[in-house]
Structures are given as C-alpha cells and as structure tokens.
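What follows is a single structure, and I will ask about it in a moment.
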Amino acid sequence: MLTFRELEFKMAKSSTSDAQALFRSLRSAYAATPTNLKIIDLYVVYAITTAVIQVVYMGIVGSFPFNSFLAGVLSCVGTAVLAVCLRIQVNKENKEFKDLPPERAFADFVLCNLVLHLVVINFLG
C-alpha cells in the first residue's frame, strides 16, 4: 500500500509530465501560426500588460483622477478586444470570415479604434 507521501509524489510527477506535454503540444501548434497572427497576439499581450500595469499603479499610488484611470484601462482592454476580433477575421483557418478580405478587416479595426478612443477622450472630461 502506498503512503500518502508516495501517492502525493506520484501525482505531482504525473501532473508535471502532463503539463509539460500540454506545453509542448501548444508550442508546436503555435509554431505553425502565421506571422501576421503572431504580431496581433503580441499586440494583444502588450495592451493587456499595459492595463495590468495601470491597475497595479492605481493600487500602489492611488486613484485620484479615477475617470482618467478608467479611461486608460478602458482604452487598453478595448484595444485588446478589437485586436482579438481582428485576429479572428484575418485568420485563414476561420471559415466564417473566408469571404472578408484582410484589408476590410483592418479597416474595421481602425474605424472601431477611432470610435473607441473618441469615447475614451470624451470620458476624460
């Protein structure tokens, strides 16, 4: 009969190997992703990281002009959401948007970003 420590070690070892196998499969699948989608992914990570930095800064320093904080976070998160929509539309493997040219998807992205940032600027007061 296995002791609790042996069972715990065995479970930790199997979960670690499962996590490594999952990480390897995700990395190999992502290696086949086209470069333009990787650039959009990098932009999304940048926007979300900027939003997280703003939230941490607000937590440390304070939120005196709270509407400015909300406008900054809204701008970052909204831009990230619009970039994810662009990624979905530009992806060649997505069959829903196969008739949509990438130029039209990018024009939609730019127009929606313009509207988003007009709202953000208006929210600043």
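Glycine is treated like the rest: Cβ placed from N, Cα and C.
Feature list, courtesy of TrEMBL:
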- 42-60: transmembrane segment (TRANSMEM)
- 66-86: transmembrane segment (TRANSMEM)
- 106-124: transmembrane segment (TRANSMEM)
By a Cβ-Cβ criterion of under 8 Å, what residues six or more beyond either terminus of the transmembrane segment (66-86) are in contact with it?
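Apart from its flanks, the transmembrane segment (66-86) reaches 40, 43-44, 47-48, 50-51, 54-55, 58, 105-106, 108-109, 112-113, 116-117, 119-121, 123-125.
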By Cβ distance under 8 Å, which residues at least 6 away from the ends of the transmembrane segment (42-60) in the same chain are close to it?
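The answer is 69, 72-73, 76-77, 79-80, 83-84, 87.
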